[in-house]
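Trainee: This is the structure I have questions about; it appears just below.
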Amino acid sequence: MPKFYSFANRSNYYINPFSFYVKFTELYSLNRLCKANFEFIRAMSTLNKDQPEILKWASPDGEFRRKASSFRNTISKDPNAIYTAEKDRYHLYVSWACPWAHRTVIVRSLKGLDNLIGLSVVSYILGEKGWKFNTPEETPGAIPDNVNNAQYLRELYFKSDPNYGGRFTVPVLWDKKTQTIVNNESSEIIRIFNDAFDDFTPETKGVTYYPENLRTQIDEINEWVYDTVNNGVYKCGFATTQEAYNRNIEPLFKSLDRLEGILSKNEFLVGNTFTEADIRLWTTIIRFDPVYHTHFKTNKKTIAHDYPNILRWARQIYQMPKISDTVNMYHIKHHYFESHKQINPTGIVPINNGPDLAQPIIESKNV
């Protein structure tokens with residue numbers, strides 16, 4: 001007979017029932033835990049496969065590559081142009097959450113175009129059908145589409161082009177006369193707003209955020225800031241492989257360090273002149289600590305604790321007239337943390353809103 005049988009049958013051997021029960025409970029709990037972990041891993045592994053196309057961001061190699069905007073027309077002061085500057089002809093569609101759309105709202109406001117160009121604001125949730133229009137009662141801060149009465153932004157894209165096959169992005173600059181999208185590229189829309197409607201706004205005529213004598217410097221800054229910061233946070237956050245994330249995280253912080261150095265010497269990015277370069281960067285920076293640091297895993301440093309000159313600059317811009325009115329941090333945070341289920345399946349929204357930009361008061365060097 002095997003030894004363990006003879007051992008068990010020894011007259012002085014006693015099995016403690018309580019010890020047996022404890023061991024059984026431990027094994028049962030471990031089995032349940034392993035099963036739960038397996039189900040979670042299986043769910044996470046299939047999450048991206050189950051996502052609708054509109055919510056799939058990364059390429060097959062794990063790298064996020066932003067697609068070019070499709071509608072690239074402009075608005076001209078020329079009365080014979082297809083899209084000529086006119087009062088109440090154009091309408092802007094945005095999301096308070098989107099940093100690209102945020103740029104256009106800022107310039108629209110600074111240039112006094114509020115009464116010339118209408119505004120609609122989508123809900124902060126990006127669902128399977130894309131951006132949705134809600135009433136302010138349904139979603140505080142939303143502004144319905146009172147031009148086309150669309151339920152979803154995608155309807156405007158198909159109305160402009162029934163064969164459209166791209167993404168349904170904001171911002172959208174819409175022409176009510178020709179019933180089509182003029183432009184959906186934020187960098188071009190802010191330049192349209194910069195001077196195309198000057199004849200209708202004498203109080204801001206000549207105020208420019210793209211001055212001719214600084215254009216070379218502005219363009220140079222815009223190029224590397226866009227690639228490594230504006231889009232860099234997305235390349236980190238939407239990466240689906242460690243290699244893709246690693247390729248983009250260091251260039252992001254190298255550029256933030258570079259920006260910190262520039263702003264340690266200058267009031268703004270191009271000397272002491274507030275330009276579109278500042279506007280384009282600023283909408284990314286105010287989202288950095290409350291969203292990108294956690295949600296996009298860009299957590300090497302924070303603006304609040306590691307970049308005092310960027311923080312001073314961010315506060316100074318926030319405190320400019322009309323700027324703070326364009327910031328809706330509720331929409332910003334709830335969009336990212338609730339819409340991107342492939343990154344944040346629980347939809348839990350962290351509490352941090354980033355550094356206080358209203359205080360302390362920053363005095364301009366030009367005053």
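Glycine residues also receive a Cβ, built from the backbone N, Cα and C atoms like all the rest.
Caution: TrEMBL annotation is automatic and unverified by curators.
What TrEMBL records for CYS98 is active site, nucleophile. Per TrEMBL, glutathione binding site is recorded for TRP131, ARG167, PHE168, THR169, VAL170, GLU185, SER186. Taken from TrEMBL, the feature domain 'GST C-terminal' covers 211-343. Positions annotated as active site, proton donor/acceptor by TrEMBL: TYR234. Annotated site 'Lowers pKa of active site Cys' per TrEMBL: TYR292, TYR336, in sequence order.
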Trainee: Out of the recorded positions TRP131, ARG167, GLU185, TYR292, give me the one sitting nearest to the residue listed as 'active site, proton donor/acceptor' by CA distance.
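Mentor: Closest candidate to the residue listed as 'active site, proton donor/acceptor', judged by Cα separation, is TYR292.
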Trainee: Got a sec? Which of these recorded positions, TRP131, PHE168, TYR292, TYR336, has the most Cβ atoms within 10 Å?
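Mentor: That would be TRP131, with the most Cβ atoms nearby.
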Trainee: Within a 10 Å radius of its Cβ, which of these binding-site residues (THR169, SER186) has the fewest neighbouring Cβ atoms?
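Mentor: Each of the binding-site residues THR169, SER186 was scored; lowest Cβ tally within 10 Å is THR169.
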Trainee: How many Å lie between the Cα of TRP131 (glutathione binding site) and the Cα of the residue listed as 'active site, nucleophile'?
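Mentor: Spelling it out, the Cα of TRP131 (glutathione binding site) and the Cα of the residue listed as 'active site, nucleophile' are 11 Å apart.
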Trainee: Quick check for you: of the recorded positions CYS98, ARG167, PHE168, THR169, VAL170, TYR336, which have their Cα within 10 Å of the Cα of TYR292 (site 'Lowers pKa of active site Cys')?
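Mentor: So the list reads TYR336.
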Trainee: Just the number: how many Å between the Cα atoms of VAL170 (glutathione binding site) and CYS98 (active site, nucleophile)?
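Mentor: With the alpha carbons as reference points, the distance is 8 Å.
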Trainee: Spatially, which candidate from the recorded positions CYS98, ARG167, SER186 is nearest to TYR336 (site 'Lowers pKa of active site Cys'), comparing Cα atoms?
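Mentor: The smallest Cα gap between TYR336 (site 'Lowers pKa of active site Cys') and any of the recorded positions is with CYS98.
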Trainee: Could you give the Cα-Cα distance between PHE168 (glutathione binding site) and the residue listed as 'active site, nucleophile', in whole Å?
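Mentor: Here the two Cα atoms lie 13 Å apart.
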Trainee: So what's the mean pLDDT when you look at the domain 'GST C-terminal' (211-343)?
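Mentor: For the domain 'GST C-terminal' (211-343), the model's average pLDDT rounds to 98.
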Trainee: Would you mind splitting the domain 'GST C-terminal' (211-343) into helix, strand and coil residue counts from DSSP?
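Mentor: Its residues divide into 98 helix, 2 strand, 33 coil.
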Trainee: Between ARG167 (glutathione binding site) and CYS98 (active site, nucleophile), how many Å separate their Cα atoms?
Mentor: 14
Trainee: Would you count the other C-beta atoms found within 10 angstroms of the C-beta of ARG167 (glutathione binding site) for me?
Mentor: 16
Trainee: Around TYR234 (active site, proton donor/acceptor), how many other CB atoms lie within 10 A of its CB?
Mentor: 18
Trainee: Looking at Cβ-Cβ distances, which residues of the chain lie under 8 angstroms from CYS98 (active site, nucleophile) while being 6 or more apart from it?
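Mentor: Correct list: VAL170, PRO171, HIS335.
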